[in-house]
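In what follows, a single structure is set out as structure tokens and then discussed.
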Amino acid sequence: MATINSSAVSPERMRPILENCLLIWLDADFDESKNDYKQSIQQLRNVIATITTFTDADQCVDYLSDIKDEKVLMIVSGSLGQHVIPEIQACPQLDSVYVFCDNQSMHEQWAKIIPKVKGIYTQVQPICKALQIDRKHCDRSMISMSFRGIDPLFMYTQLLKEAFLEIEDDDVTSIKELVDYCRLHNAASPTTLEMLEREYRHHPPSWWYTGPFFIYSMLNHGLRLMNVDIIMRMGFFIRHLHKHIEKLHGEQQSDEPTNRPLTVFRGQAYNHYLGWLYSDMGEYAKAIIFYEKSLKTRENTTPQNLPDLAASYNGIGSVYDSMGEYSKALSSYEQSLEIMKIALPPNHHDLAVSYNNIGEVYRSMGEYSKALSSHERSLKIRKIALPPNHPDFAQSYNNIGNVYCNTGEYSKALSSYERSLEIKKIALPPNHPNLAASYNNIGLVYDNMGEYSKALSSYERSLEIRKIALPPNHPDLATSYNNIGMVYDEMGEYSKALSSYGRSLEIRKIALTPNHPDFAQSYSNIGSVYDNMGEYSKALSLYERSLEIDKKAVPPNHPDLASSYNNIAVVCNNMGEYSKALQYYEKAQEIWKKSLPSNHPHIALVKNNIAGVKKKM
């Protein structure tokens, strides 16, 4: 059976994991009573807090299979590794393997054909060095380079706005409570926790955040999974870090010129981290400032640090993407990609992520053929770089489905969405928000195909999961209510439609900035209900409000802008104002011809509408 030392996690009932990655050590000869093993564990815990040790291979594999949200780094003896690792190498949660043995040459043959094996080691210290590098990569990879879809850091923004920055508390008590919590869950080595409790005030928050401690990984883990317990325990640190960033920003913006670089700890400039934090807080202008400072310091980088330069360009692209400045986002993403092409192997997974981000920007710009090409390139790389049923395949199929949905190819969209859903069902827990996204998208396809009962069923399944998985005012809940309202509108159940649309709008007013494009959708959809009810003046007012937001939020030839013009034209037509209707129909037609394929249903629709209104004139 598994031998579990005092620093490990029990396989019978997994304790909360407080970081993005954890370490498993499988060795049939593991004996915690021996001094060399105790010393090895202590060295390893200075790198990764959560360590689970096993002597039984079957129990180890069962334990690995139960892990869903974290990446696993694994040390394995040579004798067990040659039998176990080939069987589990395809597990998406297994990130890296380190073979620990007395005879390297004996295990080179089998180890070299398994990409996840990082090396064969006879001493623990070299493993610790490798773990430091791979843990850093793990933390970065768990913050997706794509800022599309569900935003798991939304709660961070809400908590910052609603609570953390206003709380005045006893720092000594807060630090002690965090240390006690970490001791209880073995989140860090005793030495690190003693140092934190003793020296917290001796160093700035950024020193702790960018240093080789558990702080960055634990905070990132809590925010990524929206773990309220972790976030609340670290609330004082979030507040201190935020205030420290504000102070640094003020110094950088002061009137006194200075050539002094932003503080660096152990070689790590943290302008990039500050850009990331401000981006997640929705303070995009400040995020750009820090990302550009990071870029400036990295422009003359050495070849081995080129991925960091690419990350700076990617960060800038992600902020512009969030701001809706798609041409700037595209430029930054493409610069990131070009650098990665130089720095990385041709089928490296980070290239797939980059193509994915570029594809999503093209989709936002309405350039669907380019979007599809980028997403298919991303998928092609992932098929080479990743094991079957890896969660990133779900992202690729989902985004390809989005493009097909935008171009009106609904059967292809449905097929892609269903493939994405099947992978998510294998890779994710049953109430994960990404499952909700798949049900939502499948509902959207059925909606567009006129199969309203199937659409409503899918939308309600999506909403059910989101109510469990997300905070009460998360924007994705607004999307679910909006889409349910859309089905009721199309089914002629207008009171239910208005109720759902109203709930969606309430959430968006809490969660989004005033000119966010989702408001255009809300006002347009409520206008549609009033239009169908014959209350044309209310409908027209709402459509015009939607149009004003679209003009600010999307590019001039975006399909959503055409939809706004088309909706106004419909109301004008219903009100007998045929010249105005024709004017708006023609504006819609002009944009749709530029942004959609010639066989898209909207092209035929607006053509018929123009012909109809001309007859009335």
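Heads up, the Cβ atoms here are built off N, Cα and C, so glycines get one too.
Here TrEMBL flags 268-301 (among others) as repeat 'TPR'.
Here TrEMBL flags 310-343 (among others) as repeat 'TPR'. Within the repeat 'TPR' (310-343), the DSSP-based counts of helix, strand and coil residues read 32 helix, 0 strand, 2 coil.
The average pLDDT computed over the repeat 'TPR' (352-385) stands at 93. TrEMBL lists 352-385 (among others) with the feature repeat 'TPR'.
Per TrEMBL, repeat 'TPR' is recorded for 394-427 (among others).
Residues or ranges marked as repeat 'TPR' in TrEMBL: 436-469 (among others). Among residues of the same chain six or more beyond the repeat 'TPR' (436-469), those with a C-beta under 8 A of the stretch's C-beta atoms are 149-150, 394, 398, 401-402, 405, 408, 410, 413-414, 417-418, 420-421, 424, 476-477, 479-481, 483-484, 486-488, 490-491.
Same-chain residues lying 6+ beyond the ends of the repeat 'TPR' (478-511) with a Cβ under 8 Å from its Cβ atoms: 154, 158, 436, 440, 443-444, 447, 452, 455-456, 459-460, 462-463, 466, 518-519, 521-522, 525-526, 528-529, 532-533. Under the heading repeat 'TPR', TrEMBL lists 478-511 (among others).
Sequence annotations record features per position, and here TrEMBL assigns repeat 'TPR' to 520-553 (among others).
When Cβ-Cβ distances below 8 Å are used as the criterion, the repeat 'TPR' (562-595) is approached by residues 366-368, 520, 524, 527-528, 531, 534, 536, 539-540, 543-544, 546-547, 550, 556, 602-603, 605-607, 609-610, 612-614, 616-617 of the same chain, each at least six residues removed from its ends. What TrEMBL records for 562-595 (among others) is repeat 'TPR'.
In terms of DSSP helix, strand and coil, the repeat 'TPR' (478-511) has 31 helix, 0 strand, 3 coil. Within the repeat 'TPR' (520-553), the DSSP-based counts of helix, strand and coil residues read 31 helix, 0 strand, 3 coil.
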